[in-house]
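Step one of this worksheet: look at the structure below.
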Amino acid sequence: MKKMSLYVTLTIGALISLFPFYWAFIGATNESGKLFSKQLSFVPGTKLVENVTNLNESIGIGRVLFNSLFVSLTYTIFSLLICTMAAYAFAKFEFKGRDTIFAIFLLSMMIPYHATVIPLFKMMAAFGWLNTYKALILPNLAYPFAIFLMRQNMLAFPNALIEAARIDGAGEWRIFFRVVLPSMKPALAATAIFLFMYQWNSFLWPLIAVSSTDMYTFPVALSSLFGLSRIDYGQVMAGVTLATVPIIIFFLSLQRHFISGMLGSAVK
Amino acid sequence: MKKHVWRKKIVPYIFIAPSVIFFSIFMLYPIGYSFVMSFQTSVGGEMTFNGLENYRRLFNDAIFLKALKNTFIILAVQVPIMLFLALILAVLLHSSLLKWKAMFRVSFFLPAVTSLVAYSIIFSIMLMNDGLMNQLLEWIGIGSIPWLSHPFWAKVSLILAMTWRWVGYNMVIYLAALQNISEDLYEAASIDGASKVRQFFSITIPQLKPVILFTAILSTIGTLQLFDEPYTLTKGGPSDETLTIGMYLYQTGFRYFDFGYASTIAYVIVVLIAILSFIQFKVSGDER
């Protein structure tokens, strides 16, 4: 009996968690008014193609999707590389200033993003980088939380293996890429998800850094649709669905690593 | 031997160099620069120093004070509700008898994966006057609620949406922490006849205290910066009732291009985060 109520509670919770996604899908496959009609309909309709076509006319999905994907993937790869390198040094070397530098990284997580946005905007304007991919990718490459996450995971890596590789004559880069990183796959996957999600979902900075529509990222384009005086809800929900599906696929394919990566680090 | 020394001395700096360089250019420099700007004002396109004038103006600015109040109301209501729900869910999911754990975990976490703009749009469509929520409420006989156009309900809408999005995220953090609590504690308590509820309050919560503190601080920082949701869901309305400090900063900076004053607002957020984190540390430290 107790077990029964446990399952009922969790199932209701799970349904509440998942329902809005389903509702967006319902909206994406029906005509605009259906979401507000008196006869509630929870069945997918047949208007998906039409809605996506309209959406494409409004914001140019191909372009916007490409922008978001290109920016997020490039960002994830480079950020993962430089953050992991730093994490390795923090975890496995002793050097002057190590603790101070690490502390500064950690403390910066307490600084609201807003405090950097205005100078960043002025900087990008001065470099002529507004409305470029550079403006979207560069600013947060050194992401303190990613450094922290990787460092926590690397602390557990046995020093003896690194020393053994050194005695065998392996260079430092070789040790890093061939000895240390291969055993860090779950942590790398977890950090990659964090970085990708962070960039894919990021809104405030792209809203500021990008003003020409063909440089819009998906969230900015969606928001611009939603701000119009006459809103085509079918179109908007098609957009929401399209913006959500890639990130869900990305998450689901890596989620096992993600959870174990989080178990290994976030709360140590 | 010499090579060894060289390695140990120089190599770590090579590894941290890219991060430190990017961090200094795009984080440290802007933080410093916006601090300077918080004492400046724009006169004919030139930034000139005007001492504490911006700060004085801020505390006589009715809109800012309203945004401050709104942000604190959301903080005080939403964060405790969310963390408590997350804790309950984590404890339920941690139960060893449960099947389909992974499936539940993923379902609860999924909202935390979506973009803030996307979920805010879904919620605003569900909460519109003739939207799904009101139709359901009418159907069960409660009648419709002016979710987005009433000062009180607009805040409730924001809180509902934020709770939906972040509970699972915190739940995963708590789940991770629960695995570190020794089963022996619970066994001993069971033998002594402590009920599950009693065990939750006497073992689980005290054991998780550092993690609860961690999530409370993260959520506080997040709420003080709140921007995407009110921007999309309520546009700060009705009549600035859901305007947050983060949104006011954006408006000041990028609608009125008053960079100096916007930087002052940013620094008020910095100070508030510092103070609140300090208080949270103190409170949880003293009870130990």
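From the backbone N, Cα and C atoms, a Cβ is placed for every residue, glycine too.
Look at TrEMBL and you will find B:68-280 tagged as domain 'ABC transmembrane type-1'.
Taken from TrEMBL, the feature transmembrane segment applies to B:12-32 (among others).
Only residues 6 or more beyond the boundaries of the transmembrane segment (B:72-94), in the same chain, are considered here, and those with a CB under 8 A from a CB of the stretch are 101, 104-105, 108, 155, 158-159, 162-163, 166-175, 178-179, 200, 204-205, 208, 212, 215-216, 219-220, 223-224, 226, 244. The transmembrane segment annotation in TrEMBL covers B:72-94 (among others).
Annotated transmembrane segment per TrEMBL: B:106-127 (among others), in sequence order. Panel annotation: around the transmembrane segment (B:106-127), residues 89, 93, 133-134, 147-148, 157, 160-161, 164-169, 171-172, 228-229, 231-234 of the same chain, lying at least six beyond its termini, place a Cβ under 8 Å from a Cβ of the stretch.
Among the features that TrEMBL reports, transmembrane segment is placed at B:147-167 (among others).
TrEMBL lists B:208-227 (among others) with the feature transmembrane segment.
According to TrEMBL, the transmembrane segment annotation covers B:259-279 (among others). Residues of the same chain lying 6 or more positions beyond the ends of the transmembrane segment (B:259-279) and with a Cβ under 8 Å from any Cβ of it are 34-35, 37-42, 47, 50, 54-55, 57-58, 64, 217, 220-221, 224-225, 245-246, 248-250, 252-253.
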